[in-house]
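Residues or ranges marked as domain 'Amino acid permease/ SLC12A' by TrEMBL: 34-471. Sequence annotations record features per position, and here TrEMBL assigns transmembrane segment to 59-78, 114-137, 143-161, 173-198, 218-242, 263-281, 301-319, 350-371, 377-397, 418-441, 447-466.
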Amino acid sequence: MYRLLSLFETTDKKYEGKNMQSTSQLTRGLSARHIRFMALGSAIGTGLFYGSAKAIETAGPAVLLAYIIGGAAVFMVMRALGEMAVRSPLAGSFSQYASHYLGARAGFFTGWTYVFEMLIVCLADVTAFGVYMKLWFPDVAQWIWVLSIICFIGAINLCHVKTFGEMEFWLSIVKVAAIVAMIVGGAAIMMFGFGQSADHAVGVSNLFDHNGFMPNGVAGVIASFAVVMFAFGGIEVIGITASEAKNPEVTIPRAINAVPVRILLFYVLTLFVLMCIYPWNQIGQNGSPFVQIFDSLGISAAANILNVVVITAAISAINSDIFGAGRMMYGMAHEGQAPKSFTKLTKNGVPWMTVLVMVLVLFIGVVLNYLIPEDVFLVIASIATFATIWVWLMILLSQFAMRRQMTPEQVKQLKFPVPMWPVAPILAIAFMLFIFGVLGYFESTRIALYVGLGWLILLTIAYAVWVKKPEKQAQDAEELA
């Protein structure tokens, strides 16, 4: 553990035993309600509505164990992030924490990897939005819908942060309501047998029939972690909201303690109901499992209802991801790790340049999407998985390094300390390294490591060429003084 930390650890002692001062001038307009649902909006999306079918196919009913174990590890990541965010709420969040506690290079890698992850996910979501709209408007060109949603989300992100938070809240409400409706509807099917033939078994027995609870063995459960962990990606946006939270010492702990539990319930309970109603080896074969449940309840408009939900999910995810990536670049610009122009704010306290950059890159990405095969989305998912696990690992290592630098008295003053220190964080770090091993072991996900390592090499070159060393930054500051 200590050797791993020493690869990144900074020798700059000015952060030891001190609260870092935020250079942010962002507006504090996000309430606990906004922050909670922003994390839900980012983390509950296609991973649940569609991606869960792939996880079930890989692990069978035992995928429930994978979601529980993965959820516990993610909760420890969130608590580590929460400890740092409450102590020092910064716009750059985990990128700045990595810079201060692991070294500038680690912060640079973490921040830009997160931005890259958000761009990739946004690219997939804006393209998906165009596909979804074709159900209702088959004669309208897909690129028109893609262009319109990019402009719309860009405009929303330029509004006051409270307006943004309110929109994200209501978008997430639609998704949550759909999940709750599915759970309630599924429970009704289990209890009263709506829409089921007499020879169709419904109940917990479905979890153990069809080759048992763990049909593909332990290897199947391990392989499913690649999909499961990707599904939780995006929840770390809570840390980025700290600099714009009205009362971070109260809102951040509340959001962190509530969201992981809710996500576990949404994922685990939803999949439990699904696999109790339908044999696990049939889920996803006849369209979305959501449509299957609504059809069983006699709701003829199931396809249209699902389309509303997935469109809302896509808009919500794009909205949250552009916010997170934009604020990350804003914080990195203050650290000299991104162009200084990224620090420019509107009169509402919104970093408009970062939003503009995200929108422009999405335009380029959409054009490229038309020029490359659809199989590229397998690569996109792999890159996003690698990036997500990398960011989580850096959060855990940053918190571990921070604790090593703190005195016992400073530790006692922490307002939101990590539970079960140091055992729980160490186990979470080991689990993240284990996931990297999983990505490399299975051929279907091995490309994630290849692309991920290539990305880190590219960042190494970029850091050496463009980023000023701390000594140079200090020298420039003295000359300007």
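Quick reminder: no glycine exception, Cβ is built from N, Cα and C everywhere.
TrEMBL entries are annotated by machine, without manual review.
Fair warning: this is a prediction, and the values are worked out from it, not measured in the lab.
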Query - Intrachain neighbours beyond the transmembrane segment (59-78), with Cβ under 8 angstroms and 6 or more residues off its ends - result: 52, 206-208, 210-216, 220-221, 223-225, 228-229, 232, 235-236, 238, 256, 259-261, 263-264, 267-268, 271-272, 275, 280-281, 392, 395-396, 418, 424-425, 427-428, 431-432
Report task. For the transmembrane segment (301-319) and the transmembrane segment (114-137), decide whether they are in contact, meaning at least 3 CB pairs lie under 8 A, counting pairs 6 or more apart in sequence. Result -> yes
Query raised in the report: Where else in the chain does the transmembrane segment (447-466) make close Cβ contacts, counting only residues six or more beyond its ends and a cut-off under 8 Å?
Result: 105, 108-109, 112-113, 116, 226, 378-379, 382-383, 385-387, 390, 436, 439-440
Requested in this report: Report the mean pLDDT of the predicted model across the domain 'Amino acid permease/ SLC12A' (34-471), rounded to a whole number.
Outcome: 80
